[in-house]
């Protein structure tokens, strides 16, 4: 009688083959969705504004923009098992926003670095601001940011524009907003200065948000983005948002929220949505428009555009000596850290010290959010308002 092969040995062989296959599959690293992790660095001439990533279908701005080769970023890796690629940027070229009436961004990574999947991006301009972005655990990085400062030392006012853009359903809307919103706002302000209309700073910001949204919808792309921006001009600070990105200011050590989160559960937002024929319901403890989206304002979201508006809320303040610093951040931070906690963490690094370390403060805030269980992308900018006093 012929004996059959050992069934235990066969089972073990099958288990080994399955384990090998599974190991190979899970070793694939997910690359970022977009080849551009952040917008490329730009240099503006006094005669133009044209963004390289804008679609031919978008309305071209009046001025001309010349793109320069990005500087090679410095990459470092942390020691230990959880290594991460860090992109660092310091000292951008001087920007003259008076000579060139547009807002220019130098914040970027190269395509090569983005394709390698940078986990962390750091940028700073000593004495003015620091940026820190950390990719979450849910997938590709969908946040973008924008920062530009006119560092004129002729005794005149310093001008600046900052923005944090939190994408959902992909990074295209956040990337588009980062590249175009500042230019659109500046175009509206330039129009007002030329006497074409009498729009104020707030109305120029509103016009910039609406135009950015309209232009993105013409692109035919999916997804959307929440936005929070800070425009500083002639000693005035205008903070705006659409969505749940938030701006918090330290006024003598006390946290003051300068924006309100636009969620469907808010009474005024719920009333507006229902008046337009939409509905809001609760899914797993989160209120969502039409059962899908958890924010009620932002750029994009074409399939919910009837209810998700790009209309920003803006608050304008004259910068005063008691205004210490401003934090702009995505909800990856604010979902886990309260406004006052954020101010308490940052203040020892920025106030009453000879050499402020705002980048270290950014890292501490992000680490606190991650420690408390945040899985989302975290992007934040800390702006030292004392250096923009009129």
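In case you wondered, yes, glycine gets a Cβ from its N, Cα and C as well.
Site annotation for Mn(2+) 2 in Swiss-Prot covers 166, 376, and the matching candidate from 213, 215, 331 is 331. Cα-Cα distance from residue 331 (Mn(2+) 2 binding site) to residue 167 (Mn(2+) 1 binding site): 11 Å (rounded to the nearest whole number).
Remark: residue 166 (Mn(2+) 2 binding site) has 142, 143, 174, 225, 226, 227, 243, 244, 245, 330, 331, 332, 377, 379 as non-local neighbours, by Cβ distance under 8 Å and separation of at least 6 in sequence.
Of the chain residues outside the Mn(2+) 2 site list 166, 331, 376, 143, 226, 244, 245, 330, 332, 333, 334, 335, 377, 378 have their Cβ within 8 Å of the site's Cβ mean position. Under 8 Å, Cβ to Cβ, and six or more positions away along its own chain, residue 167 (Mn(2+) 1 binding site) finds 142, 143, 144, 173, 174, 175, 223, 224, 225.
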